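Novice: Take a look at this one; I'll ask things after.
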Amino acid sequence: MTQSDQQAKKVAFTTTLGAALVAATTQVGPGFTTQSALFSAQYLGAFFLCIIAALALDIITQANVYRILCFTRKRGQEVAAAIHPVVGYLLTAIVVFGICVFQFSNVSGTGLGMSALFGTSTAVSTVLCGLIAMAVFLSRSANKIINILAQVLGAVLILTALILVFMAKPPVGEIPSQIAGADVSSLLLPTITILGSVCGGYGAYIGSHRLLDSGVSGAENYYLYKRTQLLGTTTVYVLRVLLVLVTFGAVMHGATIDMANPAPSSYQAVAGMFGYRLYGAVILAAGTTTILGAAAIFLSFTKTHFKWIAAHERQSAILFIGICTVVDVFLGQPVNLLVAAGSINSLVLPFTMLVMLIASHSKRIMGEDYRHPVWMTVGAAVVFVAAAYLSTKNIPNLIALFQ
């Protein structure tokens with residue numbers, strides 16, 4: 001192998017790693033942490049059935065999105081615009097809406113983490129977290145900083161979660177019997193919520209857009225897209241399982257969980273004040289990367305429609321985070337907002353799948369020789385129907401969160 005080949009291989013590895021971990025850590029935000037604790041406390045071992053169902057639908061969703069964006073060399077909104085310009089604007093509008101909903105919850109959730117870690121008030125912590133995120137975009141190397149933070153804070157998340165699981169000692173052997181005895185109809189809300197939190201809204205686009213923004217695309221680079229999807233999805237669901245096991249262990253050993261603040265009370269039940277501080281570290285690390293990743297994907301979707309944003313990306317990101325921080329401080333209800341964010345984003349998923357289904361079978365968009373795998377087409381159709389049905393049926397549950 002020549003030196004140039006080695007260099008190319010190294011660049012491919014770092015690009016893939018950066019895209020995968022930014023995608024993973026952007027999805028593993030405060031909402032993810034809160035949802036994991038809340039639903040684990042409510043449904044115990046049966047919640048793992050929700051995780052399995054969401055994982056299957058997530059894999060199908062992202063496989064379609066990664067493949068189509070790679071082969072067309074286009075971003076999600078550009079693929080939609082190739083169907084019809086109005087479709088492109090519509091996809092951008094609903095995805096940006098999803099980004100905003102999650103970003104509101106991201107900043108407030110990160111503030112909860114800082115408050116737990118350092119003892120500051122939630123409002124002050126929220127403002128400080130927003131300012132820290134804005135400071136990253138002051139640098140011309142913001143994208144490089146985001147990649148580095150994703151790797152470092154991702155490692156912090158996994159290590160902290162492993163420590164908590166070790167201390168929680170969850171009775172894993174009881175999970176199968178609890179799944180077998182579960183009322184499947186009651187698992188609608190948690191399933192659609194966690195699905196929406198990882199691949200609803202903007203979640204399905206993060207990794208592929210990062211690769212496109214790095215100049216990696218085309219059939220010859222499809223293996224990098226598959227590698228990115230595999231690493232990102234594995235990271236997300238390993239963390240999901242670990243965090244769920246913490247709360248599951250706490251409840252099964254007799255702890256009473258405060259449903260208004262399920263994650264911190266779970267971790268405190270497991271490890272006392274040390275556990276509470278670890279909660280702060282988990283949600284602060286998760287929230288920081290999520291705020292930055294959401295701002296980056298916001299730019300990726302909007303800069304193709306707005307020339308000012310394309311010409312002033314860093315300033316646009318700072319303005320976006322600033323607005324979300326101000327709204328967060330006055331909105332309140334951080335825990336309800338964190339749970340609702342996933343449900344709201346799940347409403348975006350059916351439209352994403354419909355766009356991908358149409359594009360994947362358009363020779364004008366994909367090329368005369370392109371053939372979309374049958375399993376992806378069938379899977380996308382299943383996800384579209386299931387997500388549309390479940391999301392619509394879940395609207396009353398979503399409204400009830402704020403009553």
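Cβ atoms here come from the backbone N, Cα and C positions, even for glycine.
Heads up, TrEMBL stuff is auto-annotated, nobody curated it.
These came from TrEMBL, pasted as-is:
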| type | residues | note |
| --- | --- | --- |
| TRANSMEM | 42-60 | transmembrane segment |
| TRANSMEM | 81-104 | transmembrane segment |
| TRANSMEM | 116-138 | transmembrane segment |
| TRANSMEM | 145-167 | transmembrane segment |
| TRANSMEM | 187-205 | transmembrane segment |
| TRANSMEM | 237-256 | transmembrane segment |
| TRANSMEM | 276-302 | transmembrane segment |
| TRANSMEM | 314-331 | transmembrane segment |
| TRANSMEM | 337-360 | transmembrane segment |
| TRANSMEM | 372-391 | transmembrane segment |
Novice: Please report, as numbers and ranges, the same-chain residues at least 6 past the borders of the transmembrane segment (116-138) whose CB is under 8 Å from any CB of it.
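Specialist: Same-chain contacts beyond the flanks: 107-108, 110, 145-146, 149, 264, 276-277, 279-281, 283-284, 287-288, 291-292, 295, 314-315, 317-318, 321-322, 324-325, 328-329, 334.
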Novice: Counting only residues 6+ away from its ends, which parts of the chain sit with a Cβ under 8 Å from the transmembrane segment (237-256)?
Specialist: 24, 28, 32-33, 36-37, 39-41, 44-45, 47-48, 51, 55, 157-158, 161-162, 164-165, 168-172, 174-175, 194, 262-263, 265-267, 269-270, 282
Novice: Any residues 6+ beyond the ends of the transmembrane segment (372-391) with a Cβ under 8 Å from its own?
Specialist: 57, 60-61, 63-64, 67-68, 188, 191-192, 195-196, 200, 343, 346-347, 349-350, 353-354, 356-357, 360-361, 366
Novice: For the transmembrane segment (187-205), which recorded stretch in the set 42-60, 81-104, 314-331 gives the largest number of Cβ pairs separated by under 8 Å?
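Specialist: Answer, by Cβ pair count: 42-60.
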Novice: Under an 8 Å Cβ to Cβ limit, what residues of the same chain, 6 or more beyond the ends of the transmembrane segment (42-60), are close to it?
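Specialist: For the transmembrane segment (42-60), the sequence-distant neighbours (Cβ-Cβ under 8 Å, at least 6 residues beyond its ends) are 174-179, 181-184, 186-187, 190-191, 194-195, 198-199, 233, 237, 240-241, 244, 248, 251-252, 259, 376, 379-380, 382-383, 386-387.
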Novice: Can you tell me which parts of the same chain pack against the transmembrane segment (314-331), counting only residues 6+ beyond its ends and a CB-CB cutoff under 8 A?
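Specialist: For the transmembrane segment (314-331), the sequence-distant neighbours (Cβ-Cβ under 8 Å, at least 6 residues beyond its ends) are 100, 103-104, 106-108, 111, 123, 126-127, 129-131, 133-134, 137-138, 140, 142, 291, 295-296, 298-299, 302-303, 308, 337.
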